[in-house]
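Asks: Can you keep this structure in mind? I'll have questions shortly.
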Amino acid sequence: MLEDPVLLSRWLTFITLGFHIIMATIGVGIPIFISIAELIGIKKKDHHYILLAKRWTRGYTILVAVGVVTGTIIGFQLSLLWPSFMQSAGHVISLPLFMETFAFFFEAIFLGIYLYTWDRFKNPIFHWMLSIPIVIGSSASAFFITTVNAFMNTPRGFDLENGAFTNVQPFVAMFNPAMPSKVSHVLTTAYLTGAFILAAIAAFHLLRGKTHIYYKKALHLAMIGCFVFSVATIVNGDISGKFLAYYQPEKLAAAEWHFETTDRAKLLLGGILNEDEQEVKFGIEIPYALSILAFNRPSAEVIGLNDFPQDLWPPLYIHYFFNLMIMIGMFLAAVSFIYLVFYYFNRFNSLNPWLLRAILLGGPMAILSIEFGWILTEVGRQPWILRGYLKVAETATTSGHVFEMLILFSLLYLALGILLPVILIRLFTKKSVESEIDKHHIIL
Amino acid sequence: MIEYIGITVLWVFLYGYLIIGSIDFGAGFYSFYAKITNKKHTIRKVIDRYLSPVWEVTNVFLVFFMIGLIGFFPNTAYYYGTALLVPGSVALVLLSIRGSFYAFANYGARESNVYLFLYGATGLLIPAAFSTVLTISEGGFIIADESGVRLLLGHLFVNPYSWIVVLLAIVSVLFISASFLTYYANSAHDKEAFELMRKFTLIWGGPTILMSFLVFLTLSTHNPEHFQAMVEESWIFVLSLLSFLAALWLIYKKQQIGIAFSLVCLQFFFAFFGYGYTHLPFILYPYLTIYENITSPEMGITLIMAFIAGLFLLVPSLFLLLRLFIFDAEYVKGN
């Protein structure tokens with residue numbers, strides 16, 4: 001295994017991206033809430049919301065800094081580990097890659113300005129306006145980079161003749177069939193994850209016995225975001241299922257252990273697969289649900305895996321990641337729904353400790369679900385790197401030193417993974433909310 | 001035509017990275033120097049005030065160059081990507097240490113000598129690592145045949161040209177950074193910091209020019225073809241030298257420090273574009289030329305249009321950033 005550059009390159013890419021998407025997701029998800037909090041603070045002249053925006057920004061900045069670092073790494077690693085893939089991708093899909101750097105550039109400039117100009121404008125609304133480019137820039141980065149991933153799933157916009165790319169249409173490649181469902185899913189889940197992390201932080205403080213109204217305002221604002229974006233995530237999750245059924249049926253079939261093409265297909269939860277017999281034990285089956293997920297009709301026919309040659313099957317373990325992702329998504333939606341019901345009906349206590357514990361759990365769960373969903377979509381594309389054109393095994397580097405690099409980067413992420421939470425905790429405990437509220441004058 | 005526009009755009013961004021990156025890298029070194037010699041209050045304040053708002057922008061220039069290179073010349077991904085796995089990864093780790101530790105120290109609100117040391121040391125190691133890519137592009141260190149692309153790392157380590165380029169990179173970083181900080185300290189009316197950075201500018205000026213001459217000299221044996229092209233366009237290097245002399249004169253005389261820094265930028269502009277222009281048509285000698293490896297015209301034109309659209313967005317934003325933090329007298333003074 002230590003000799004196989006393909007496997008090692010996959011591992012290194014997995015570790016880098018697995019680490020990076022945490023920062024990237026939070027980096028996309030949080031600015032929108034910072035912007036909303038600051039606007040509420042200005043409109044209502046409520047100092048607490050301004051402080052909320054400031055404290056969120058502080059944590060966000062450190063995460064973005066590490067995200068810049070890991071993002072630079074993955075940007076280069078794509079060429080270092082998958083040179084032939086980037087050569088092909090460069091011909092057809094370099095437009096969104098190029099524009100992604102612009103979007104990030106835009107975000108970085110305004111983040112720099114935003115951070116250091118809290119007290120520089122007479123009218124605070126000017127400072128709030130600086131948050132808009134940050135929201136747009138971070139979301140646009142996610143948009144562009146996701147179109148590249150979508151392209152890997154449904155490559156369009158070129159002809160391949162004797163190994164050369166001809167008739168290249170950059171915009172067709174960018175706006176490929178996988179783009180709408182993927183982009184919307186990535187964006188809403190990023191906002192959802194951002195909201196749940198902010199809610200989890202507030203819930204944590206309330207559980208620890210803090211009673212200041214500041215935490216309740218923070219929790220409520222974040223939970224509204226959680227609810228809105230968990231509903232949006234369920235909607236576009238459903239659209240993603242329909243996209244897969246039509247354009248990438250083998251991925252959906254592998255995720256569902258759906259072997260024979262049938263109508264009235266059932267949805268399977270959990271279970272243990274006997275691969276030789278293609279039989280599942282201990283699974284929970286929901287009749288018609290897969291047909292409904294795939295085509296909105298209980299009688300619809302869903303293509304099974306046996307219609308594809310076995311060497312083009314994705315690994316079947318993605319079923320578990322699919323299930324886990326959906327279960328967490330449902331959990332997050334349920335928690336935010338219950339919170340809002342409790343909040344708006346006075347008979348219940350929306351600060352019930354058990355509910356707060358569920359919200360606290362929702363933060364890490366949301367991140368896990370991002371990881372699971374990402375593993376599902378990447379592993380579910382195997383063995384292809386460009387579906388139908390180029391296989392992963394053909395594009396890895398031929399270098400014999402990938403193992404050493406794997407160790408090197410693992411150590412780096414280990415160090416960052418330990419330091420990052422330590423620094424964040426130190427930063428926030430050093431200046432407590434209460435002391436900052438007392439001062440009424442906050443400098444970042 | 002597309003290939004010329006493409007390579008010019010990329011070279012402009014690399015030049016941007018050269019200047020902005022050098023200021024940043026050198027500032028790290030001076031910051032550390034100030035700490036260990038207890039000159040903290042003289043230059044650290046000036047450095048921090050400049051660096052804090054702009055450091056994230058620096059990295060983007062580099063990523064932009066890399067992505068643009070792959071976009072306009074996709075085959076570079078295959079050649080450089082395969083050959084540079086090890087040195088590229090090491091440079092990335094250095095860059096990561098620097099970026100994250102800066103953020104930890106700056107926003108994490110704890111002064112730590114370890115952070116500062118890492119920040120200062122990586123500031124010199126990173127340009128050294130990156131400069132070897134330019135050395136590699138001169139040919140002789142990458143072999144491409146049926147079995148694939150390989151980097152001759154051993155050759156790189158014993159090659160005099162390669163080491164001279166590394167030294168040039170390091171002294172240039174220190175020189176560019178010192179001349180900018182002289183200007184910034186001058187605008188801040190910080191006399192002590194100004195004197196110190198002025199001294200550093202004068203100290204590093206000589207080695208910068210000496211190393212430039214040595215690069216010429218060693219290139220003549222390493223890649224005579226490129227050397228010959230440089231001799232034919234020698235006027236541009238003469239302009240570079242004149243800019244350098246004028247800059248040093250102004251800084252020595254303590255006059256027009258802003259113009260002096262612009263002249264330093266011009267010095268590197270002439271040298272860098274002279275080097276790049278005479279390097280053409282090769283991107284990697286002798287395997288890749290801009291003519292044979294340019295992307296399809298459809299993609300090329302789209303990239304150029306995207307670039308122009310992007311500039312409309314970026315130039316005003318960058319202008320705002322500069323207005324608020326570099327050319328705002330009150331901010332620079334720390335009010």
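Cβ coordinates are placed from backbone N, Cα and C, and glycine is handled just like the others.
Residues annotated as transmembrane segment in TrEMBL: A:12-40, A:60-81, A:93-116, A:128-152, A:186-207, A:219-237, A:317-342, A:354-376, A:406-429.
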Asks: With an 8 Å cut-off on Cβ pairs and a sequence gap of 6 or more, do the transmembrane segment (A:354-376) and the transmembrane segment (A:60-81) reach 3 or more such pairs?
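Replies: Between the transmembrane segment (A:60-81) and the transmembrane segment (A:354-376), which are separate recorded stretches, there is no contact, as judged by 3 or more close Cβ pairs.
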Asks: Does the transmembrane segment (A:60-81) make contact with the transmembrane segment (A:317-342) through 3 or more Cβ pairs under 8 Å, each pair 6 or more apart in sequence?
Replies: no
Asks: Go through the chain and flag residues at least 6 beyond the ends of the transmembrane segment (A:406-429) whose CB is under 8 A from any CB in it; none is fine as an answer.
Replies: 8, 11-12, 15-16, 19, 55, 58-59, 62-63, 66, 69-70, 73
Asks: Against which stretches of its own chain does the transmembrane segment (A:128-152) lie, if we need a Cβ under 8 Å and a gap of at least six residues from its ends?
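Replies: 24, 27-28, 31-32, 34-35, 38-39, 42, 89, 92-93, 96-97, 99-100, 103-111, 113-114, 117, 173-179, 182-183, 186-187, 190, 377, 381, 384-387.
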Asks: By a Cβ-Cβ criterion of under 8 Å, what residues six or more beyond either terminus of the transmembrane segment (A:219-237) are in contact with it?
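Replies: Residues 32-33, 36-37, 40, 49, 52, 181, 184-185, 188-189, 191-192, 194-196, 198-199, 202-203, 206, 326, 329-330, 332-333, 335-337, 339-340, 343, 351, 359, 362.
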